[in-house]
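S.K.: Annotation source TrEMBL lists transmembrane segment at 34-53, 65-85, 97-115, 122-145, 151-170, 207-225, 288-307. Per TrEMBL, the feature domain 'Sugar phosphate transporter' maps to 34-307.
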């Protein structure tokens, strides 16, 4: 999963990493707390099943472009059902909105496609370890294109991330250069999406909410991949389940974003990656050496530290009288 867009006034945001539209107000409402806990549980559970089903499908049908298009297609069907039942208001898109969202959809398409390429070549746990490097590209692109200078603690947290990924890569039994480079490239495209989300914005009066923004991006991504031609003859029931889980877990992620602040969601996303890595290792019985475990743990711990350091507010000096 990724870092969050920092400026809440941006009207177009990254697909898997949008800014929170509403702060979850702390209260003693037990029902609200239980609802939030249940949503985090669903988010994690759907991620686990998606990665398991997705790996199983890629093992017997090694065509990641078709599988990715199929997953976006499942999401497109679910979105249209949701709009038809008025579970969410169908947005009225304008030309400026479409032009602003299109780069996000392109980056989102390549990000998920490259992730599937990696999952098809290496262990699921290794792909997610490589994707822990996303904060590194967040800092790099923010500095290059947005002129943002990272804080010292944010930079410091990148050290265990890079070191952990390097250590895990050197000792990974399933290491494959295509799998490694694809996962690394997905980091680049996912963080490019974040840059686009800040530089290309729709009109303030015509802003889309998080749910509809993700829905439009999903539909555009499906159209982009469907144009290359689909071959669904060998796709089995696990493809349907993977597609359902793929769209559902990202949809739940957006719903959680409307209930919690960015820090809480970022920490939750870090924990989710740990859950996915551990569950995939157990399910697929992936051989993991002690050094590989240490490297993975270092990388994931670095992601957690980055999510905390990124939100640390610098001390403001009092102005001279």
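Cβ from N, Cα, C; glycine included.
Keep in mind that TrEMBL annotations are predicted by a computer and have not been checked by a curator.
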S.K.: Do any residues of this chain, six or more beyond the ends of the transmembrane segment (65-85), have a C-beta under 8 angstroms from a C-beta of it, and if so which?
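M.R.: Hits for the transmembrane segment (65-85): 54, 57-58, 109, 112-113, 116, 215, 218-219, 221-222, 225-226, 228, 230-232, 235, 239-240, 242-244, 246-248, 251.
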S.K.: What residues elsewhere in the chain lie close to the transmembrane segment (122-145), defined as a C-beta under 8 angstroms and at least 6 residues from its ends?
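M.R.: Same-chain contacts beyond the ends: 1-3, 51-52, 55, 115, 154-155, 157-158, 161-162, 164-165, 168-169, 172-176, 179-180, 183-184, 186-188, 190-192, 194-195, 199, 273, 276-278, 280-281, 284, 286, 288, 295-296, 299-300, 302-303, 306-307, 310.
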S.K.: What mean pLDDT score does the domain 'Sugar phosphate transporter' (34-307) have in the model?
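M.R.: Taking every residue in the domain 'Sugar phosphate transporter' (34-307) and averaging pLDDT yields 81.
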